[in-house]
């Protein structure tokens with residue numbers, strides 16, 4: 001019985017385990033993106049991955065919400081490939097949005113925010129795990145040796161239905177066809 005003889009309420013989402021884990025705590029961790037040291041590196045693309053799937057995977061793995069904020073966080077979503085015109089349009093869009101409510105972060109350098117609202121016993125571990133993954137993605141790697149980018153490009157080809165079977169062992173070889181993936185059309 002609770003104070004005054006009332007029955008304590010238990011959250012339907014946590015059940016009895018949530019009560020034992022303790023109260024929910026909200027914490028945030030900021031990680032700065034090293035754009036000043038590597039101005040031509042596509043950090044946002046590396047963090048997002050194909051169709052945002054890499055960022056979604058970090059969120060589902062850690063239970064944290066991960067946000068890319070600051071100057072350079074807004075991209076022109078109407079363009080498949082970034083061109084100078086698309087970059088200029090994104091800058092203009094950022095300039096327009098900068099002073100509007102909810103967009104104050106555009107006045108700050110590019111950064112990643114990890115937020116978690118979890119039981120006190122697990123919130124720090126989840127934020128640490130998210131930070132480790134994000135920091136690993138923020139380490140610039142030579143394109144020839146970047147296994148993360150190769151995996152992201154492979155995933156994009158699968159999503160687009162353009163994965164070639166004969167792209168070598170890294171890209172799946174004949175296993176791609178046994179997984180039910182379509183072979184890309186080629187000119188002959």
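Even glycines carry a Cβ here, placed using N, Cα and C.
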Annotated range (TrEMBL: region 'Disordered') out of 1-21, 22-42: 1-21
Range annotated as region 'Disordered' in TrEMBL, from 75-103, 104-132: 75-103
Counts by DSSP class (helix H/G/I, strand E/B, coil) across the compositional bias 'Basic and acidic residues' (86-103): 12 helix, 0 strand, 6 coil
Within the domain 'K Homology' (25-139), residues counted as helix, strand or coil by DSSP: 52 helix, 22 strand, 41 coil
